[in-house]
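Everything below concerns the one structure shown next.
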Amino acid sequence: MGVKIQQLLEQIVWSITVLAALGVIAGLLLIFTLLRLSIAQRQMEIRLYRTLGASKKRISTTLWCEYGLMALIAGIIASIGADASVAGLLHFGFDLSPRIHPQLWFVLPILTFVVLALVVNSLIRQLLIPVKNGAL
């Protein structure tokens, strides 16, 4: 009887893990899609900045600061949400005392920044292409 319960729990844990992985992949695709949709608007803004005399370095720095701040805020919110979800599950689902996970508070903001940096790096290159070609 105990073996069957353990096998059932292992299957449930595996199913939840697969669903969580699919959720993470869907979230990453959503972030990538939203950033790609803003390219046309960003190109118009960059043309305006270049017309007003902004350098490529200044534009690049501005975009990196904007997206970096967005990544850090998203990572902090994700840390709070993940810790609160785990605490709620432990308290209400299993009657265990919740605890804080400090490693989560460091890993999630860094991971969010790295993922966003990879996407933003390709976006900045695409956004500065018209500037490199001289098309304003």
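Every residue gets a Cβ built from N, Cα and C, even glycine.
The following features are taken from TrEMBL:
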DOMAIN    18-120  domain 'ABC3 transporter permease C-terminal'
TRANSMEM  12-35  transmembrane segment
TRANSMEM  67-92  transmembrane segment
TRANSMEM  104-124  transmembrane segment
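Same-chain residues lying 6+ beyond the ends of the transmembrane segment (12-35) with a Cβ under 8 Å from its Cβ atoms: 115-116, 119-120, 123. Across the range of the domain 'ABC3 transporter permease C-terminal' (18-120), the DSSP-based residue counts are 91 helix, 0 strand, 12 coil. In the predicted model, the domain 'ABC3 transporter permease C-terminal' (18-120) shows an average pLDDT of 83.
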